[in-house]
Amino acid sequence: MKSVEEQLALIKRGAEELLVESELIEKLKRGQPLRIKAGFDPTAPDLHLGHTVLINKLRQFQELGHQVIFLIGDFTGMIGDPSGKSATRPPLTREQVLENAETYKTQVFKILDPAKTEVAFNSTWMDQMGPADFIRLTSQYTVARMLERDDFDKRYTTNQPIAIHEFLYPLVQGYDSVALRADVELGGTDQKFNLLMGRELQRGYGQEAQCILTMPLLEGLDGVKKMSKSLGNYVGIQEAPGVMYSKLVSIPDALMWRYFELLSFRSMDEINAFRADVEAGANPRDIKIKLAEEIVARFHGEEAAANAHRGAGNRMKDGELPDDLPEVELTAAEDMPIAAVLNKAGLVKNSAAARDLLASGGVRVDGEVVDRSFIYVLGATHVCQAGKKAFARITLKSE
């Protein structure tokens, strides 16, 4: 096991806040594997790179020799996390939650080592909790303290409804730490209230309080708003290799350092060397290619990453392409949005038609439906389909 100083440096990499650092140092000094918990409510079936920030940190804890607990909130998922919400979230059914949970496990084990991961479901203890124990849990906190939470306070002061079951969410999440006897809990910055609840409840149940590590919310491809499927600025971890690669290579130059720190498993020394190269005149795109290849390889394998780099990622299956597939070469000074490529290649009548097709899911690149966020990278070759009958293999070359 690495020294306490080395462990602390890796643990704090990219983190927003560590509470309480002195307590964590004391835990690490004992030289015993710590129980590291992170909870995920399976409210949607697909994960994007923003979700993997926490999972990557769990992987780092595994590499340090600690015991990682991947907690699936099948019970809390039916409540709905109110964090940051201005209205009550509709609860999911048990069937929806369990179906999504199975998909989660398949995806996260592309990052975590299954042999070193304990998968837990919080329904295991919550379903067995009787009325007396539940009343004891709710007695650990007051309504006044609950209303100190920013989102609840805003809704209360603006006369927006707060359902009683929403007060239960942070209590149940906090009790998860009691049930698992967690030493450290990870969460996004928007989860700080819930994480602190875990510390408080552990003390109330006679346990040593966990330390909490908050991780930032990853910015999306625009570099401004947090990554979100609804905003279209996301990279799904199940997206086709070519699509994933193209999106990552097209991120703003300034954003790539944030992505390297939070998404890459390269050392900070290596990342700082890349930064020095760029400051010395290296092309930022060459560095983004390294990032894109690493991430594509993580989810699809080395061969898929190499193919994506060559513009050959995820070709359409034989028989789906016309025999006389047109070959089109375009030139440009920089990467181009897919709408402009389709228009310039003659697959659509005009840019407006391209935008309409993209909005309706009528555009495929290498067999995968893409939206307007897809960027055609200089040097790439893709098979493009606009509508049902317009096909072309398009290469975008540098002017």
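In case you wondered, yes, glycine gets a Cβ from its N, Cα and C as well.
Checking Swiss-Prot for motif ''HIGH' region' across the ranges 22-31, 42-51, 182-191 points to 42-51.
When other Cβ atoms within 10 Å of the Cβ of K229 (ATP binding site) are tallied across all protein chains shown, the result is 14. In this structure, K229 (ATP binding site) belongs to neither helix nor strand by DSSP; it is coil. Per-class residue totals from DSSP over the domain 'S4 RNA-binding' (336-396), listed helix then strand then coil: 17 helix, 22 strand, 22 coil. Non-local neighbours of the motif ''HIGH' region' (42-51) in the same chain are 72-74, 77, 80-81, 92, 97-101, 103-104, 107-108, 217-218, 220, 226-229, 234-238, 259, 263, 295; each lies 6+ residues outside the stretch with a CB under 8 Å from one of its CB atoms.
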